[in-house]
């Protein structure tokens, strides 16, 4: 041992744990546990180790200075986390810790163990207890007979939460030893038990007993058993199993106890029933017989009867019962038994029918038929009532009423009611000995008197009464004494009093007599009272003693005076009441006196001044419209200058002026006053003269005798002297030198003057003016050069335009050459609107005597119009040429000048008017046409305010419908035109009235009160007069239950006199909303508001509804319900009665519940028993009808089974309802509560619930609210307390019967008389048979009212299968009302709403002519309709045009708003036949169309061909087809096909053009294409010219199949095998052949069947001596496949070749020898002779030149250049084996060429084969192979034997040409050689 000092005592080492404690597990009480913790620190003596458990310091068990913690006998409580901590005492160093877990395990220990032996019965459940504890908690594992138990494999075994084992449904195999093991980490323990499973044979403890049950009742057959396992119960009837654990037949239910419930029992259920109990130990059974009696029930109960006295009463009581049961009938009357033997009037039949003969009042009572039997008892009651006619009322007395006028009081004694309550009394009256008529038909039966009011005075009345009961009407009473009412003055004024001013001194008054009922006696005449309106003057009277006179002309009245007029009728009793005052003015008259104090004086030379005073208003006789100032020259009395002056009511003296008069002229003057009718008298004429003024210019200034120093000036008097001429002034001066002016004054008679002393060749200005006392007049000036005669002037220049206005412009110009004299007048010409070189120029302005003018203003232009101006200047010689035109200008806009013309107004509807007018012509727009429109102003006629307007911004519009107007109201309408600047003048006002409409409000004072529980009396007043909107034809009372969603019902009251009705058949105690509306002939008006609420009286309630049993136990049930659907009052209580549902159970339990109760629980019931519950409600009127429900006290309830398939008997099918019947299914031990019925409309409709509350007691139901003539299917389901059954099977399809049709809307074409309508899409309710049209004329009276004159009864038509009717024989310009109805086999439906139509034109335009102008234009002309058929001013025409036979698809309309007689129809289709019809229209509407006239447009270019298709595609060819153009637009003359490769082929892009003449064929075979190249094909059709192209691309190449070929044998038999067929099967094979010297491939055999794989060729098809190659191509639906490899070359030689002959060999040998000798000889000669060498060189040059020239020529020929350059000129290639004809590949196009045609071949070589030379343009049907195309349809049939490819070279001129070219070259070479040869 060596100790090393590693540090002093002062060195400190921090604590560290070297060996930490480890997790340890021990068993409690058995093993010692040690936790070790080794630590290190320095100094060691200061180190301490502390142990903690779960943070708590441990002080026990510490060993070795804390290094060990020892547990001698560990317990479970010692388990935990132990931690050791090493620290240095007194040191600041941190301590260190380490820890570990100590787990103390506890050995398992059983807490609960099973007994050693357990016995249990089969099918029971047994629990084997086994619970253990330990640490950790032990796991429980079960073994049976040493085999582990798996609950997964044996689900009957289940280990419970505590560990116990539960076994369900014990079986014998479960017997054995069961072991329970408890295991944990400490160990395991086990316990066991033995389970013995026992069984007991079944035993029926209570078996079924013989029973009897009534049909329809329930019965229970008991069967209670014991045994182990529990016996299975099976009920059988004979061999048929009725109920078991797996089988349950309908109506047979196996109860929990094993008993069998049969509910309900049927007669077929009678028999022996066996209950069989079985288990594994055996079987036990018991049987019993069940007897089922047919239920004794009354199937034909007696019915309530009401028989007439003395007749026979029969009370039936038909019974159905079991044949084995004896039935006894007993009749009772009012509770007492009837002895039928006591009276011979009584008889009882064996079937229970009671006969009562000779009935009388003693037989009245309630009869009850009681039926008793062991099969059940039943009773039914009925009431018999014996009735007779009531007796006549006694002692009727009539007296005049003392309290009411025009009334009679009538009293009588009540009559015997005939044992039937009286319904009413009928009161009849005879007026003035007229026949008896019913006056009052519904006098209440309780009355004994009535006051008859509303009688007519002066008439006699007699009355009689009779009583009415339900038997009939009794005898009338005796008549009362006749009473005559005293005569009275008429009580009503005359009707319809109308006054109208006839003249200015007369008014005509018209009236109608008072209503006859208000005349109160014979009329004797009328009194007309009239007076001045508003003046306190006496009235004048006119007495008319003729009662038949109804008009009077009041004459000698005051002019223009308002009168009040009244009319009254009188009879013997006096005068009646006057009518309402009618005010009317006499018409205006003209003033009777002229204006006074008229004074006239001239103001100046052109104006005179008037002053005057107004006439007295009393002499104006109307409204003063103003004054007219008149002036006229004495010599021209009919040319009057008039100025109108508006009246000035403020000043007493009126002043007016007339200006613009002639100067110094004598005038007569006068003044008059005028009114609307005309002018009053003129004031006395006064003569005066206007003031003198300076004269106008002299006339016709001219120069003559022009010399160097003198000239003669001539003139004429001024046209406007304006006074007395005093002389003339003439002056002259040198031009622009005023200091040289010379002036002379001449007398007034001098009109010429010779001017002398002039300087030669000098320009002078000469002026002449006339003179009056007022001074010198206007100068007439002109310039002239002395010695130089004047000439025509030149035109002005430099025209400029400024100051452009709407109606004027300013022209600036530079004068032109004046013609050596002054300009006397300027003229302005213009082109208007249409500007052009050839358009007309019009003179629009002149300016005279302004020679120095440089501008002028052109007036009176049209606004917004294009102008171009030019000018002329005039001198004394004449007029110049025109100037250059100015620029084109447009005048500014201005408001329109005129109003729209021909304004008419028609009625359109109840709230609209139809306004029409003639639009403004374009030249009257005065502005931008896009801003031109119309303003419509309308207001009520006679109204001062309420003016409305509407603006239409469409210059072409000619009509407008004014909407939202009031019904039956007259309106005044005006129209004006507007544009972007302003408005034009208004048109004349027109008037129109809207159509009659429905009332706009309901009647007033609507009231209602209930009379019974099902009726309400409703009363109402009149509709306000302003809201009637027509004649009220009757009223409708509309009513419905308050807050109901159902459509309201209505009750119609015809006529306007009845204002009350009693609504019956209402619901009891129901609150109704009631409204009343009035209706006119147009339809129903608005209902009265607010609705009146009234409730019917109460009554006994209906049955409660919704009875259900949500909880059913074996001894108790709980039922719920809802209040009655018809409570008929306030529910006060409910009463529940329940009892067992058996024939011998009479004990019932009754319980009364509060009205708020909605459920009830019945207890103490017997299990498995059927109970019947009855529930009824009570109001203050008593207990109502009871609701009944059955329930079975069992807990085994299920949903009901579906019913049988519903059946609808055909005899029960009606138009809107059918009767549905069915058989119920099993109720699932829970009685059915209700059924739900669904229906659907075939073929596509969904199922719809019709009713969800069909009574469970019924097996039939009426399905209503169906559509007539419609197919339906039905189904239903049952509902019980548990839920709904499945729906039954659908019924068969049932079609309802037809019914009368419903009305549909009618469309009409106003104003024609052809009515058109659409067929109703629904509501026909059957097969439509036709339509019925009714019409009548409407007469309007001055727009104020109308009357209806119905046409004759024959004026209606039945139409079958028609949609239009032509009503003829109508009157022109009349308004008609038309109604339409539909009828089928059942009847006629209601009429449609009335449509009004105005009858207008009757003739179309005449002589319609159509002329073709272009391919898209037709010119149409026509003549107007005859004058007698125009019916007004024609406003325009409508031109209808459409393509022939395509009217519905292509018809179009062109409208002309001016009465022009021609139109150009443009934008039509080329070469198409059109039909054209023309109609005229005026303000009334459109006239009839003319007969269609036919015309056809000219030809045009066609559209593109319809399509391009490609077929039979190969590597080098394709078949192209195309479709015809969709629109040919003419006659197709041919097609042009152009194709080219999309990319160049070998650097060359060749375009091929092919023309095909004719419209057929539409295909072509194209050959010689390049393989794998995409080509673009374009084709277009041609008529007069070519149309657009259609194009498509196609790529050549193989198809989808690629067969290969192999040759076998030496014969010409080809063999091959099929290759890949591609996407489509191979359809055929094609064999191609070619000469072996690289000729073209051509088809040899075309159609070889697909099954063939070899083919033998006939050598006759080939050309003898030619070697051929062959190949095979497969063809499928996609086209040609890739060709096979060529076969070996084969010669078409039938005999031995000539080269095998001996003579040929000899010849060849000799020829060879000769050639050798010649060659040697030539070589010798060439080497010796220089001459021949030079000659050969010259020949060689010549050859080169010839070859070059030939190549150039060939290049110009375009084809062969490339070919010849690529060939070698050798003898081998010069000749071929084909008859010595040169053969080559097809020519290729020149690289520099992009167009290709036959003309590319030089015509130089065409002389060899002239027949084959052709041009595609000249002969397109023959396509040369040299062009790369061939047409299959052109094959010559005569050359079929030798195939076409044999003659290929013969038919191709290029081969001849190329041979010729080569031969030419060869001839040159041969010539050179021969010359050399001969020289040698």
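Cβ coordinates are placed from backbone N, Cα and C, and glycine is handled just like the others.
From the options 1678-1701, 1702-1725, 1726-1749, 1750-1773, the stretch TrEMBL describes as transmembrane segment is 1702-1725. Listed ranges 1812-1838, 1839-1865; the one TrEMBL annotates as region 'Disordered' is 1812-1838. For the domain 'Fibronectin type-III' (1103-1197), the most Cβ-contacting stretch among 15-95, 296-387, 493-589, 795-894 is 296-387 (pairs under 8 Å). With DSSP states grouped into helix (H, G, I), strand (E, B) and coil, the domain 'Fibronectin type-III' (795-894) comes out at 0 helix, 44 strand, 56 coil. According to DSSP, the secondary structure content of the domain 'Ig-like' (202-291) in residues is 3 helix, 53 strand, 34 coil. Taken as a whole, the domain 'Fibronectin type-III' (594-693) shows an average pLDDT of 92 in this prediction. For the domain 'Ig-like' (296-387), the DSSP counts in helix, strand and coil order read 6 helix, 46 strand, 40 coil. Broken down with DSSP, the domain 'Fibronectin type-III' (493-589) shows 3 helix, 51 strand, 43 coil.
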